[in-house]
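Noted in TrEMBL for the protein shown:
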DOMAIN    6-313  domain 'Acyltransferase 3'
TRANSMEM  7-25  transmembrane segment
TRANSMEM  31-51  transmembrane segment
TRANSMEM  72-91  transmembrane segment
TRANSMEM  117-142  transmembrane segment
TRANSMEM  149-167  transmembrane segment
TRANSMEM  173-194  transmembrane segment
TRANSMEM  203-221  transmembrane segment
TRANSMEM  227-246  transmembrane segment
TRANSMEM  258-275  transmembrane segment
TRANSMEM  295-317  transmembrane segment
Amino acid sequence: MNKLRSLTVLRAIAATTVIVFHIFTNTPRTFGEFGVDIFFVLSGFVIALVLENREITARRFLADRIARIVPLYWLLTGCVFAATLVVPALFNSTTADLGNLLKSLLFIPYRKESGQLFPMLFVGWTLNYEMMFYLVVALSLVVMRRYRLLFASAAILVVYGVAKMSGSNGVFAAFYAYQRVFEFPLGFFVWWLWRRGFRIRPALAVPMMIGAYLTMAWLDWHVLAQMQLLCFGLPAVLMVLGALSLETSLGNGPLARGLIFVGDASYAVYLSHPYCVEAARKLLPRLLPGFEATTPAGAVVIVVIATAVGGVLYQFVDRPLHRRARALFQASKRRTGGATEGGVPIERNVS
């Protein structure tokens, strides 16, 4: 599978958008939450692309996803747990609870002392949805391989429906009765259109993407996005369709190469950025008198810092861990007599 560079650039845009969201978290206005919606639609599209490989098995699919998602997430979750032991005063609602640590590592949602449904590494809440998605996709490869995308979409609908109709205040109902879970099937739909040759002329794709982004930003800023699927999910579909239509128009200049690197590093950026944002928010005013994180200039500075830290983390930690994990899974497959891995590789940057 050749790398779709336009989608890598879109991941960079989504990652930096989420950074901005956390810069403005403590203000009356919000901006950037919809970066997650772009990631979810992208994830659905890329997984549909992966499933084009007729030789892929549920075991291999899950092994590849675990190799991509787990190593860095477990490492950073362990760092958060260690920090709660050493400097608990730094945390508002995260405590050194072994049960919660185990649930975090196993992608099991739970309710924190604050009532929030966040794991120890709090941005990992999105990974809990991703892992649910990967499990239903793996199940589709076992149960209904020919109609795997339809089965996975139906399974997501069932999970949502059961959670919605339970009428309880439990963790399962509160977490999975969430409209954003349907953004994964929306990614399937984008793949279906793309495989049938649907393209938008570049002259129209660019303004369409800008319009979709600004629409989400306006709804987010004015706190009007009560229906995430409609307000964020559908515009995210337009963003992905637009990016795919620009694939052949993407150049090789410094800007494109820089955005592609940030897109490659987007998973590391996403997992690490809240702590970079918080550190910068506290330290920069001491170093730069008058610095204010929520001014345009301040936000740009923090985005650059968080992106740079994530890039370093990707290059020297995430990437080597991913390669090592894949090598371990492949070695295990050889020891158990599994077939040599071939066919379509899973894109390494879906988060």
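The chain as shown is numbered from 1 upward.
Using the three backbone atoms N, Cα and C, a Cβ is placed for every residue, glycine included.
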Contact call for the transmembrane segment (31-51) against the transmembrane segment (72-91), three or more Cβ pairs under 8 Å:
no
Reported mean pLDDT - the domain 'Acyltransferase 3' (6-313):
95
Determine which residues of the chain contact the transmembrane segment (227-246) at the Cβ level, with the cut-off under 8 Å and only residues 6 or more beyond its ends counted.
4, 6-7, 9-10, 33-34, 37-38, 40-42, 45, 178-180, 182-183, 186-187, 189-190, 193-194, 198-202, 205-206, 208-209, 211-213, 215-216, 219-220
Flag the pair the transmembrane segment (7-25) / the transmembrane segment (117-142) as in contact if three or more Cβ pairs fall under 8 Å (sequence separation 6 or more).
no
Given a Cβ distance threshold of under 8 angstroms, which distant residues of the chain, six or more beyond its ends, lie next to the transmembrane segment (203-221)?
13, 29-34, 37, 231-232, 235-236, 238-239, 241-243, 245-246
Please figure out which one of 117-142, 258-275, 295-317 racks up the most CB pairs under 8 Å against the transmembrane segment (173-194).
117-142
